[in-house]
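Undergrad: Submitted below is the structure of interest, expressed as structure tokens.
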Amino acid sequence: MDYVSDDFAPSNILSCNDDSGDHPRNLIPELCRQFYANGWVTGTGGGISIKYNDQIFIAPSGVQKERIQPDDLFVQNLNGEDVIIPKPEKKLSKSQCTPIFMCSFTERNAGAVIHVHSQEVVKLCLLNPENEVKITGLEMIKGIYNEKKGKFYDNDEELIIPIIENSKYEKDLVDTFKIALKKYPSTSAVLVRNHGMYVWGSNWKTPKTQLEGYEYLFKIAIFKKIPPV
């Protein structure tokens, strides 16, 4: 295991001195700033992980997401073993979401996973005592990927997103998360009641755009459920 060096190239396993905006070292901090501006990762909440060259880049836990720097990230292999960690003086810890991230990578072959503490998700779950949310008839459904069919939904199809119950610790969500993945093979997201949402895709662009689509759909779903004053 190595520490991050000043040029972000601490080993010959993976060159991290890539200036490309799409490199996880640069991309994760940028996306976290965008998500913070949208109100999805405030108060140190939320997280993101991206697979790159068979290695997993993970944002740190318990930090202000809008202030994450490229050398704050953790890198581990597909077996969950740390390969590169931030320098000790930073006193950072790996995201508590890591077990769910890894579950998405192994169970769904995801390329990226995003976790947000969206107020819209929490509101929608409060309005839905059931263990799923059903949405129909909206154009933005076409922006959501059906993992079972391997294509995006049509706007006349029913979109079903599972809800699992929250737990004291993120790692304790893994079992119910796996059950939801098996029960809902079409889903690209899981809602956690009173908590937030996990969304994933084959690359970083897919969960980002789907997250935006889900937020839109959830706002409309909430509007339809709340009776007019």
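Glycine is no exception: its Cβ is also placed from the backbone N, Cα and C atoms.
Note that the structure is predicted; figures quoted are calculated from it, not measured.
Pulled these features from Swiss-Prot for this protein:
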type     : residues               : note
ACT_SITE : Glu139                 : active site, proton donor/acceptor
BINDING  : Cys97                  : substrate binding site
BINDING  : His115, His117, His195 : Zn(2+) binding site
Undergrad: Let me check the 10 A CB neighbour count of His117 (Zn(2+) binding site). How many other CB atoms are there?
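TA: A count of 20.
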Undergrad: Using Cβ atoms only, which residues of the same chain lie under 8 Å from Glu139 (active site, proton donor/acceptor) while being at least 6 residues apart in sequence?
TA: Asn155
Undergrad: About how far apart, in whole Å, are the alpha carbons (Cα) of His195 (Zn(2+) binding site) and the residue listed as 'substrate binding site'?
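TA: That separation, Cα to Cα, works out to 12 Å.
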Undergrad: Whole-number answer please: how many Å between the C-alpha atoms of His115 (Zn(2+) binding site) and Cys97 (substrate binding site)?
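TA: Pair distance, Cα basis, whole Å: 8 Å.
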Undergrad: Between His117 (Zn(2+) binding site) and Cys97 (substrate binding site), how many Å separate their Cα atoms?
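TA: The separation of the Cα atoms works out to 12 Å.
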Undergrad: Please compare the binding-site residues His115, His195 by how many other CB atoms fall within 10 Å of each one's CB, and tell me which has the fewest.
TA: His195
Undergrad: Report, as a single number, how many Cβ atoms besides its own are within 10 Å of the Cβ of Cys97 (substrate binding site).
TA: 25
